[in-house]
Every structure is written in structure tokens, then in C-alpha cells.
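What follows is a short report on a single structure.
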């Protein structure tokens, strides 16, 4: 589940900040982000966060560590466990008391997005082009559903023909929407194979290949494909930067006792 635990932080932070709003279940007053189109693949992750929360609270003798901080630490530890870099995670975030499904659908770029759209999407969160390329490198882990790359493998021209043919055996023109294909050739290892794939026109989704398609991010993709140490160093910096997006601190928000629910007022 490392890939999903890593992506969970991004999907949380770009919707009203790193505040664990993505963990809230639907209620009469909360339009859960879990129901956003972009978050359907996270179903298996939420019980893991619940388990981590239970163990942390047991050690701390109560709800001392926020769900937002748990998401951030779990993302870092997943990267480390799968062979990637480590970094010092800032702590002290608090948890939101609301969610925003509309923003979740709007703020996560489509798998069909072109480079200008991706750049704007990241800029809206205070992240620059370098952060875009570096954080997209998280796609060195995990897989994606057929419905996210079908259009690319049948219609795009900037794709290796043999690669497209191979994917067409997994993902037919009609049906099989939930079948998965790996995002790079070593989906369980945190490395630079994602970038070497882009250089070889083997990006799985259109939004992946957009990073290496004659645009201003080509040089960065090429650099990381050749230098794993530099990618690891920059990835750590960008993850810290992403973790700084609009945290709730001080008296804002709360420390949830159950990550799925807002605490009841005393």
C-alpha cells in the first residue's frame, strides 16, 4: 500500500491544505472527499490509517498526534520502506472539521491534462515547475486504472508503439475500466525508472508524458532520469514544501479521536 499512502498526502494537501479532510466519512453535514472521482482508489488505505492511529494513540495515551500528521509521516515512511529517501517531517498540524468534495474533484489534475494545465494546478498550491516534475516522480510507485490511460494508448502519438500494444492487451477500447497497469517498470521500488520511461515515451498516462514532450520540463525529466541521488534529494525537499500547504495550527482545527469523524463538542 506504499504507493497509496504516499499519494494520500498529495490528495489531502491540495484540498484546503494538509488537514486530513480526506479521511472524513460522509455525514449530513460533510460531503466526503472519499467520494470524489480522484479518490476512488484509496479505499484500501483508510483502514491502514485507522490502524496507525490506534497504535499511535495507544503509545501516546490518548489523541496527541493528529491524523494530518499521521498521513504525512506515513507517506515518508512508505517511501523509505520502498527504497527511497528520508526527510525530517514537520509535525504539529491539526485536523479539519470539514471536507470539500468539489475542491477534491477540481484540484487534482486530470490524467489527460497537458503541461500548462499541470503547471497551473501546482502553481495554485504554491508549487513550482520543479515541484511538479519531482512530485510526479511519486509515480515510480504503484499502478493506474485503465480508464485513466485508455485515451493515451489508443489516441496519443507520443507513445512507444510496442508499449501501447502491450497496454492494449490489458485495457480494451470498451470495458475493463478498473484493470490496472504499473506506472513504471519497477512499481514496487522507489527509483528513477518513471523518468527513464518518460524519456522513452513510456509514460502511462497523458499527464505523465506531458512532462517530457518538447516542453519546458523536459530538461528536469532528463536530469532525474540520469541522476537518482539528485532526484531523491529534490523529492525530499518538495515533500516538505507540500507538507507546508495551509496547515491548521494553534487553536484552529482539532486532534480527532477517530480519523473518520469530527470530534463531538463537549
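From the backbone N, Cα and C atoms, a Cβ is placed for every residue, glycine too.
If you check TrEMBL, you get these features:
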BINDING   12, 15, 17, 19, 21, 33  Ca(2+) 1 binding site
BINDING   139  heme b binding site
BINDING   140, 184, 186, 191  Ca(2+) 2 binding site
DISULFID  13-18  disulfide bond
DISULFID  67-259  disulfide bond
DISULFID  146-171  disulfide bond
DOMAIN    1-263  domain 'Plant heme peroxidase family profile'
SITE      7  site 'Transition state stabilizer'
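Features per TrEMBL, on structure.
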| residue | record | Cβ contacts under 8 Å, 6 or more apart |
| --- | --- | --- |
| 7 | site 'Transition state stabilizer' | 42, 138, 142 |
| 12 | Ca(2+) 1 binding site | 18, 19, 20, 21, 22, 23, 68, 71 |
| 15 | Ca(2+) 1 binding site | 21, 22, 33, 100, 103, 104, 107 |
| 139 | heme b binding site | 183, 184, 194, 204, 208 |
| 171 | disulfide bond | 146, 149, 150, 153, 179, 181 |
| 186 | Ca(2+) 2 binding site | 140, 193 |
| 259 | disulfide bond | 20, 23, 46, 49, 50, 53, 67, 70, 95 |
Cβ neighbour count within 10 Å of residue 18 (disulfide bond): 27
Cβ neighbours of residue 146 (disulfide bond) where a neighbour is any other Cβ within 10 Å: 18
Intrachain C-beta neighbours of residue 13 (disulfide bond), sequence separation six or more, cut-off 8 angstroms: 125, 242, 243, 245
Cβ-based isolation winner (fewest other Cβ atoms within 10 Å) among the binding-site residues 19, 184, 191: 191
Between residue 17 (Ca(2+) 1 binding site) and residue 191 (Ca(2+) 2 binding site), the C-alpha gap once rounded to whole angstrom: 27
Taken over the domain 'Plant heme peroxidase family profile' (1-263), the model's mean pLDDT: 97
Output field, Ca(2+) 2 shell: CB within 8 Å of site CB centroid, site 140, 184, 186, 191 dropped: 141, 183, 185, 187, 189, 190, 192, 193, 194
Near-site residues: Ca(2+) 1, ref 12, 15, 17, 19, 21, 33, CB cutoff 8 A to centroid: 13, 14, 16, 18, 20, 22, 96, 99, 100, 104
